[in-house]
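*Asks:* Below is one structure. I have some questions about it.
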């Protein structure tokens, strides 16, 4: 009998613990609906073990589930619940290896400095487990992000606080007038499969090939650069203006994501703001090997290496600078961490919404809030932020009880656009030319650049773009909302995308699709007009705006982006349902180990599972010609249950003795059963769950007390990275009464 | 006994005719209020006669009233009703001279090509009467423009039609990304009185002094330039985009006002749009001596000089171009007049509002309306137009019954800013540098320019700026509306103005003043948010934005800017009340001469006179310590009368037999008398006008029929430029009954 298979990923830390409690519930409630839930281990420990089938004894071997999923995502039946996992650092990797060794897995040590060829090979295997390795495998599609209806409705009834904004606010976005990436962009659509070369040509005509890349017909290849001289002039001007306005100075970039270019931009802000430091102490700076790209924190750290006299001289200069320059926007004013302390500290997609939430203000060095200039150098992104900031100054703060919702369809697949540009970002070693040349010697892109300018190329794959348009159309049809392509016809890359969008759109029935193409600033204006009017809109954007907008709007609407649905509708037709924007929450595990209280909120999993079930219904129908509306009934009931869960505030609480994850799962089950019992579409199911609901309701106190009884004592789960399943399950399912009800469903 | 003197200007054509009828009414109604109305002749004929006191016999000599007014405007008692006059072309001048000669004035002929020294001198005198010579003399103040309350209220009740806008409109404003005046601007505040030199320096260091100008301490001197290469690249891009979008191409500049720079920009649009013409026919173009700055109309005219073969070749190329290029926005599609036909045809301040009124559409070559790209190259002005265009796309067309009002305080005095830059606009003869150097050799401004770039300097006088700030504060206090300075802190000139504004503002009590400084785009956004919300705002702007906004908002609010109040509060304390934005309406005179029906609407004079009376009240009080509230009672009654005049639609109609100017004046008097009779503040006046009202009301039919009796026959007024006062008065005051009532008031 054909069933739809949902893969539930076994991952790490808090969400992994929550899974022990939650997965049985999910299985129990979907048992009669032709849905099967498979657990697939892509935890760090699981991935490590999967690297060594040759070394491990047979009973300890594990299959390489990530590879399996990597194949699955290219099949139409893929339906994956992707919970947050660890993107391991090397220290984490080593800890995990040690834990596994102690559990009796005969793994080799991690050879940090491999001496032999064998060690090299071992290191290579281990290195496959380091860093962000899961997302690149699973994200074989574009991005569909939105707030589930229940979450949005809850926020409208229980609005979070957005600080009022004075119309006299001096806060504003300042971008470059010229010389930025926006201005210089060139873009081509590749006419036939070819290999392109990135070439630097010096003034004497000497050429250096910096990189070669294969590109396919229809791919969009861009090149552009940031003129560093103009960038610094811009910083100087903004700093002067901020001083004159007596407002805070803040820079908003994304060094974590644009990890090659943005640290350099960040460094230039330091070069200009702290110019006196470089004028006076260039020798010391050189001696310390410090570069402004490292941030001021690293300079402070390295100052320890200096003689007291030198150190004091530098510190005195810095103090002088703070007096002469505009006050700095602080990341943490209590700890004295400025906006320019660490390049990774100010992350534009989080920091601009934070300023908006805070009434268009930041925190100054005195710990007080104040207006601030938001430096966003490149006009590709700055203008849309400028639009929303000025909109707020003109029309006042948003009212979460009245605003509509803004969903996003993002061009993310196959390392689309800027976010795939790291290995194609170059700093010309001298004044000269940067060129992109194809196999036939055609110069596709050419720029005159100066030494040190930031030159960057992005590639956007044809298939990714087509799929993105399809997704946008599908979302428009599903939702009935207008879709707005945020593309600027006066920007070269966007122009090529517009061409492709206009090529793709007519392939669909657009009779019920209200679509627009608007430059980001205009798109923002249009979207905000609707937003304030309580109307809903889908932003269809490139990869960077995807990243920015999927924080911006959820934060304004519901106070956080962590409650968003994050779906990757796969190019091959399946779907990945990502949960937990906040990571795997090691602190929650620490608390659980200490006092058996877990405060992981599975809301993201609940919501994602609703969508996963909807996909399962579709898959059954299209792949197996089986129309099973029961799946939708179950999904719908879950959605209602989540509404009640929020309404009755059954999210886990912080402190021991309060409701925790396990108790919150009980309530989810209770409300889910109630919703199934009270629905009328599927009578058989209603009858079945009427009983379940009655049993759960009747035993509410008992179940909660059985859970509560475990609290306040340490928990033993037999491992951090690789817990003992039996122990962990016991710890996470402490209520015999609840287990009996769930298990009887599973066995029925 | 001290009286306030209002100068009523004797001018030309239709408003001059209307004055014969209106002035007695104005005098009659203000007789008992310490107000005297003097008629001063600044008509073209009057100005001509005033040039020749030595030649004319004593009984034919006239005083030089314009010179008198030129002195008066610098005195606090100035109170001038400035009606529209002729800015004479040479043909008009010659006609006027001929007429005067025929009337017996022994004037010399106009020596177009003077041969003797004497002729030179005569020409010189006559030339003082040519062109726009009145405004520069009288406009010794900044600008206060707004809609009178009655006009705004009338429009809210009787809204004019603004065409709906589709959210899918492809119309948009396209401006340059870089290389424009906005980007290159440098600005200095002069530190001490000095003489500045404008210098061009070629690549070899050879300097040419282009001009010398005296400047004073506190004056703001700017220099900036338009990079012509970038300008043409911009046109090429916009033209391509328009073709791709399949929308109309339109350029919006103000060659009439920016008469040195904007024709060149206009010419570059032609160079790019019609590039094929220049590629193929450069020899012919040279032979014809045609330059693109002249416009396509002039090329068409000159084509007549060619052989048929050559002419056809050029025409064929033009036809080809029209097929290949985006369709052209038409000034007059019936007559085939394109946007690029004549540089003076597309006047941005009129053309953009026309597009807005027309649902963001223009007329195409086929006579159908369509979306259009609005090319406004320079970001100094384009961004605010972009803002309103996108606002309309996002929020829909404005609703005249709901919107607020936007008034303007404009920095106009002493040839402020761009509008005084014509004699300081230069086209570098080669690549090199443009410099502004002071007496001490300090280089105040320096630009690297390319041959042919448009380099321009503006001077804004310190005293004009201070007065402007004062006017803004006064208007804020008078109205209770917020004032928004449209100044961009990231633009050099504006930055200096902001400095001066911030210096001036604290000199006033600002406790009841809600003031803002915002960049034009942001100011527009802020203003529009209020505007749509029915709230009122005062824009405080430079000279160009004054010009643009005082058309834009009145046209949106009431359908025309001709019904605006245009006040020049003089720096010395007096005031000039300008009326009749539409000129002196020669066609109306033609009709009157033919059939004794004048359709000049004196609404502007009525409204201006209300303001003039209010000033008279203030002047009496401050200059003569005489508090005469009766003046205000009369002014207020006039304002009410105007309301009724509009409400009952007593404006002159187009056709003979319908109500004309004379009848409309009767109604004004009727309503004015009624309002005075029904007011309770001044009983004596009420009693007096109760009788007047009764008489007028009683004789309504009789008076109208006395006027109507004259219609349909030619009128004899004894001259066009210099009518016979007796004849003209007779023609314009044909109702014995009405005259008797008015005259008895005058004699009482």
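Including glycine, each Cβ sits where the backbone N, Cα and C put it.
In TrEMBL, annotation is done automatically, which means it is predicted and not curated.
Keep in mind that what you see is a predicted model, and the values were worked out from it rather than measured.
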*Asks:* Among A:135, A:142, A:533, find me the residue TrEMBL lists at the same NADP(+) site as A:82, A:83, A:84, A:85, A:86, A:87, A:583, A:584, A:588, A:599, A:600, A:601, A:654.
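*Replies:* The candidate from A:135, A:142, A:533 that TrEMBL ties to NADP(+) along with A:82, A:83, A:84, A:85, A:86, A:87, A:583, A:584, A:588, A:599, A:600, A:601, A:654 is A:135.
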*Asks:* Rounded to an integer, what is the Cα-Cα distance in Å between residue A:132 (substrate binding site) and residue A:546 (D-threo-isocitrate binding site)?
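*Replies:* For residue A:132 (substrate binding site) versus residue A:546 (D-threo-isocitrate binding site), the Cα atoms are 19 Å apart.
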*Asks:* In the same chain, which residues outside the set A:349, A:547, A:551 have their CB within 8 A of the centroid of the CB atoms that define the Mg(2+) site?
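*Replies:* Leaving out the recorded residues gives A:254, A:347, A:348, A:350, A:546, A:548, A:549, A:550, A:552, A:561.
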*Asks:* According to DSSP, which of helix, strand or coil covers residue A:145 (D-threo-isocitrate binding site)?
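*Replies:* DSSP assigns residue A:145 (D-threo-isocitrate binding site) to strand.
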*Asks:* May I ask for the distance between residue A:601 (NADP(+) binding site) and residue A:547 (Mg(2+) binding site), taken between their Cα atoms and rounded to an integer number of Å?
*Replies:* 23
*Asks:* What's the longest C-alpha separation between any two of A:82, A:83, A:84, A:85, A:86, A:87, A:135, A:583, A:584, A:588, A:599, A:600, A:601, A:654, the listed NADP(+)-binding residues, in angstrom?
*Replies:* 30
*Asks:* Looking only at A:86, A:134, A:137, the binding-site residues on record, which one has the least crowded Cβ, with the fewest other Cβ atoms within 10 Å?
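*Replies:* Sparsest of the binding-site residues A:86, A:134, A:137 by Cβ contacts within 10 Å: A:137.
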*Asks:* Of A:82, A:135, A:254, A:584, which is closest to residue A:546 (D-threo-isocitrate binding site) if I measure between C-alpha atoms? They're all recorded positions.
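*Replies:* For residue A:546 (D-threo-isocitrate binding site), the closest Cα among A:82, A:135, A:254, A:584 is found at A:254.
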*Asks:* Could you find out if DSSP has residue A:82 (NADP(+) binding site) as helix, strand or coil?
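*Replies:* Assignment for residue A:82 (NADP(+) binding site) reads strand.
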*Asks:* Sort residue A:139 (substrate binding site) into helix, strand or coil using the DSSP assignment.
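*Replies:* In three-state terms, residue A:139 (substrate binding site) counts as coil.
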*Asks:* With an 8 Å cut-off on Cβ-Cβ distance and a minimum sequence separation of at least 6, pull the same-chain contacts of residue A:82 (NADP(+) binding site), or say none.
*Replies:* A:9, A:134, A:138, A:576, A:577, A:578, A:579
*Asks:* Of the recorded positions A:349, A:419, A:584, which one sits closest to residue A:137 (substrate binding site) when you measure Cα to Cα?
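*Replies:* Given the candidates A:349, A:419, A:584, the nearest one is A:419.
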*Asks:* Between residue A:419 (site 'Critical for catalysis') and residue A:547 (Mg(2+) binding site), what C-alpha distance do you get in Å?
*Replies:* 10
*Asks:* Express the distance between the Cα positions of residue A:136 (substrate binding site) and residue A:547 (Mg(2+) binding site) as a whole number of Å.
*Replies:* 16
*Asks:* Could you work out which of the recorded positions (A:145, A:254, A:546, A:599) has its C-beta surrounded by the smallest number of other C-beta atoms within 10 A?
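*Replies:* Ranked by other Cβ atoms within 10 Å, the recorded positions A:145, A:254, A:546, A:599 bottom out at A:599.
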